[in-house]
Amino acid sequence: LQDFPQAWAETGGLGRAKCQVPIIIDLKPTAMPVSIRQYPMSKEAHMGIQPHITRFLELGVLRPCRSPWNTPLLPVKKPGTRDYRPVQDLREVNKRTMDIHPTVPNPYNLLSTLSPDRTWYTVLDLKDAFFCLPLAPQSQELFAFEWRDPERGISGQLTWTRLPQGFKNSPTLFDEALHRDLTDFRTQHPEVTLLQYVDDLLLAAPTKEACIRGTKHLLRELGDKGYRASAKKAQICQTKVTYLGYILSEGKRWLTPGRIETVAHIPPPQNPREVREFLGTAGFCRLWIPGFAELAAPLYALTKESAPFTWQEKHQSAFEALKEALLSAPALGLPDTSKPFTLFIDEKQGIAKGVLTQKLGPWKRPVAYLSKKLDPVAAGWPPCLRIMAATAMLVKDSAKLTLGQPLTVITPHALEAIVRQTPDRWITNARLTHYQALLLDTDRIQFGPPVTLNPATLLPAPEDQQSAHDCRQVLAETHGTREDLKDQELPDADHSWYTDGSSYIDSGTRRAGAAVVDGHHIIWAQSLPPGTSAQKAELIALTKALELSEGKKANIYTDSRYAFATAHTHGSIYERRGLLTSEGKEIKNKAEIIALLKALFLPRKVAIIHCPGHQKGQDPIATGNRQADQVARQVAVAETLTLTTKLEETNLTTNKYAYTPEDQEEAKAIGAILNQDTKDWEKEGKIVLPRKEALAMIQQMHAWTHLSNQKLKLLIEKTDFLIPKAGTLIEQVTSACKVCQQVNAGATRVPEGKRTRGNRPGVYWEIDFTEVKPHYAGYKYLLVFVDTFSGWVEAYPTRQETAHMVAKKILEEIFPRFGLPKVIGSDNGPAFVSQVSQGLARTLGINWKLHCAYRPQSSGQVERMNRTIKETLTKLTLETGLKDWRRLLSLALLRARNTPNRFGLTPYEILYGGPPPLSTLLNSFSPSDPKTDLQARLKGLQAVQAQIWTPLAELYRPGHPQTSYPFQVGDSVYVRWHRSQGLEPRWKGPYIVLLTTPTAIKVDGIAAWIHASHAKAAPKTPGPETPKTWKLHRSENPLKIRLSRV
C-alpha cells in the first residue's frame, strides 16, 4: 500500500482510465426511449443504498439530469450482512442498444494457456472496474433513474457518467480496454504470464523473486493507467491461490470449497426450471466428475417444460450421486500446451466417457474428465460405430483444452479402420464426412492400439466390459430385426404376394387404402381413415401380408422404399435408438413400425423384395404391382370397406333375395312373374331386385360413376336386373351424395327484384373502381360514382385503388357539388371496406352498404355504367388516335349523362329539368335576343318536373313482398366457392342458415352475407338409411324436452 498508493482502491480512491476515450453507446435504428417508473422500495433498503448513491454523487460518477429514458433501481442485500448495494434494471435499455461480439475469454479453457511450471501466483481483483471508463455525454442519459433524498434536496433523475454495471456490453468493453492498456506490460515482462478475465488478473511466475518483480511492475502499470485494485482481495506471491472458482497450486487445480458447498446445499428441484439450474451449476464442475453425463442422464428428461414433472427415486438417486461426486472431486493437472495429450475413450449405453491426460514423468496425470450423451441417431448404432461418434464428440470437446496440440486417441475398438471403411447402411454421407474430417487429421490426431482396459473403461459402468473382438467382422455380421430376412425371392415359397398403399386428395379430403394381391385375386384390401399418408398405408399393407403369411414361406413384393428400408434396416435402427428421431422426438408412424417389426417373425420364412412401381410390362411382378395399386386406389374411396374375396368368385346372380310383401306387390304391379325354381321375380328375362338390394346396387353404381339421374337410369336398364320405381330410388341416392352436391353445377334461381334507389338526386350513390387498359402515365383505374335516382355519373382517373382516393373524392367532389350523401353502395373491395372509408362514413353519418360478394348484379347500375364509359372511350380513341384516354373522359361522360333511359329521360334532364344547351353552341350571341322572364321560367320548370317525375315513380313501386327463395333459418345449404382451382369442388358445405333477407342469407361459418343465387339446398337426410323425422316429447319439467327418432 505504501509503495504503490495509486494502484490500490483503499489509498488511491476511485480510478479513471487515463488512456481511454469516452465510450459512445450505439442504439438500434428503431429504438425509442423507454420510461419505467421506480419500483416501490422499503425504508430499510432506501437507507441501505443511500450512502452508495451519496458517495457516487460526490465522486462525480452520478449527476442530476432530465432524460426521456428511465429504468428502476433495485436494492440487493449482500449475503450475511445488513448492507445493500444498488443494482439498476437495464434490461429494457439492453434490448434497444446494438449488440457487439463478446470477446471476453472463456473461463473453461482460460487456464489452458498457463504453464504448469509457473507455480508462484499473484491474484488481483480490480475495484469498481467499470467505473474506470468514462461515458460520452450523449450516451449518459440512456441510464437515468429516479432518486429522492430530502436531506440533500434531490428529487428527480440521476444518471451515470461512467460505464454502468448491468449494461450488456460493459464486460466486453472493459475487457478490451484493459487488454490495450496492459499490452506494454506483457511485451516487457515475458518471464511472467498474465491472465485476464474482465477485472480478475492472475500473474504466474516460475520463482518467487520473478513473481515479486512482476507484481511490482504490474501494480505500477495499473496505477499509472488509472486502475485500482482491491487490497482486501489481493493474493500476493503465493503458491496456492483461488482464481475464478478454482484453487491453483503446484500446477494443479481443484474446485473451491465454496463452490462445492453451493452445489451441495441445493435442495431437490420442484420444477423443470430448477432442474436446469442445478444441472447448469453442477455442469460447471463436470471436468472433475468422472462420468458426469451418465450420472445426470435421468435428470435431463425432467428439463422439458412440455413433459409432466414427476420426481421419482431414480431422479433423487442421480441428484445425490452428483453431489457425492463433487464432494470427492479429484485434483486435475493444468494443461501444458507445450506437450502432447492422450485421450482415453470408452462408450457404454449411449454415454461417451473419456479421460484427457498428459505425461508427468512415468505417470499419466489426468487433465480433465469428459463425458457426453450420444444423440438418438448414434445411440441406435452397433457398439463399434457408437465408439466413433463418442470419439468425435470428445475430441471436439477436448480441443478447448488442448488448443490444437497433438492428441493420441486410445479406445477398446479398432477405431481408425472403422472411420476409413464405415458401412453405409448405418450412417449418412454427411455425418461420415464430418467424422472423417475431424478424426483423420493426421497432423494432429493419432490413433493408439486398441486397449481393452484403459482409464476410461475403468470408470464406473453399469455392465461388464466387452471382450476383445474384430470391429469390422462384428459390423459385417450385424443384421436387421430378423436374421434370415431376405431381399431376393425364395425359390420354395408357398406364395408370392404384392402389396401397395395409396393416398391421394379427393374432393378436398385425403383418402387412403391398402391392398394385398397375388396378381389374379385380391387377398386383402381395406380403406383407411381420411388423412392417412402414403407411407403409413404402405406399412399397413406390408404388415397385413406378413400377418396373413403366418407359419408359411412367403415372397412379398413392395414398391415402397420406405417400407422396404423399415423392414430390412431402419426398423432395427429405430429399435436401438428407442424409436426416436435425430432430434430426440418420437418417430412418425410409430405404432405401424412396431406392428411391422412384430409381424416380421410370423412367417416361417420370408423375403421382402423391392420392385419398381408403375411398370408397363406384362411380367408377373409388374402385373401384380399394378393390380395392388389399382385395388388400393379403388378401396380408398369407400367409407369402410374390407375385401378378402377373390374377384372371379363374385357372382351377383347366384344370390338368393328376400322379398318383402311390399317388394312382391311392386313386382306384381309391373307384371313380373315368380320363378318357381330360383324363387326370384322376373320380367322379360330380368330379375326384379327387392328394394334393399336395389338400393345397395344403385348406391354402389353411383359411388363408382357419380352419374346424373337420367344417365344412371340408362346404365341400370342395360344390366340383367329390373328395379321398380328406379327413378325415385336414384333421386334419393344422388340427392344424398355429398360429393355430387359439392361438384355439380346448379344453383337456386332467384327472380330479379327491385333495387333500392334514392328519393332525390345526390342522396344514394353507387361507387366502384374499374380498370382501363391500356394504362397511360401511371393511371390504371377509374373511380366511378353513379347517382341511383337520376343516373348521373362522375368518374375520376386514379393510379391505385386506395381508400384515400375514395375519401378524397367524396369530400372534395361529391359533397361540395351534390350535398352530403345519405347512402353509398359498393362491393367488398379493399378500398371500400378499409378503416379509412368506413371511418369517414361513420363520421359523416353515411350509411355505407356493402353488396353481396361475387354478385355484380347487386351493383348493376354502376357496373353497367363502367361498361358504357369504357366502350365510349374505346370508340373515341379509335376515332381520334389519342392514347391519353384521360383527355377523352369528359366526352365519354357527356355521352353517358345525355343517354335516355327506358323512360326516354336523360340523367341531365332529370337533374336539371331540361335538355343541355347544346343548340346554342352553333348560334352566335345577339344583343337583340329578348330577356327571359324569371317567373315564366320557373313555371316552365315546375311543369317539366311534374312531367319527368311521373314516369320515374314506376321505379319506386314495391316489388314482390314474398321471399324469392326457399331457404329458411335452420336449413342446410351448400355455398358456391368462387375461388376453386383445379379439381377442387365448386360448392362448400353444408352450412346452417342463421339469418335471411329478401335476397341474401347469413350462414354459420362464413362472415359475409351470401346472395341467394349462390346457395342451393342440401339434402335433408344424409342417406337413405337415416330416419327422416323426429318426434318431440314433453316432460314434467318445463325446461326439459326429449327428442326421439320416429
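Cβ coordinates come from backbone N, Cα and C, glycine included.
Among the candidates Glu538, Glu586, Glu592, the residue that Swiss-Prot names alongside Asp500, Asp559 for the Mg(2+) 1 site is Glu538. Taken residue by residue with DSSP, Asp629 (Mg(2+) 2 binding site) is part of a helix.
In terms of local Cβ density within 10 Å, Asp500 ranks first among the binding-site residues Asp500, Glu538, Asp559. Counting every protein chain shown, 19 other Cβ atoms lie within 10 Å of the Cβ of Asp629 (Mg(2+) 2 binding site). The domain 'RNase H type-1' (491-637): residue composition by secondary structure is 58 helix, 42 strand, 47 coil, according to DSSP. With respect to their backbone Cα atoms, Asp559 (Mg(2+) 1 binding site) and Asp629 (Mg(2+) 2 binding site) stand 10 Å from each other. Sequence-ordered, the extra residues of this chain that approach the Mg(2+) 1 site, with Cβ no more than 8 Å from the Cβ center of Asp500, Glu538, Asp559, are Thr499, Gly501, Ala537, Ala541, Thr558, Ser560, Ala563, Gly613, Asn625, Ala628, Asp629, Ala632.
Taken together, the residues of the domain 'Reverse transcriptase' (55-248) have an average pLDDT of 89.
Between the C-alpha atoms of Asp500 (Mg(2+) 2 binding site) and Glu538 (Mg(2+) 1 binding site), the distance comes to 6 Å. Asp629 (Mg(2+) 2 binding site) and Glu538 (Mg(2+) 1 binding site) are 11 Å apart (CA-CA, integer value).
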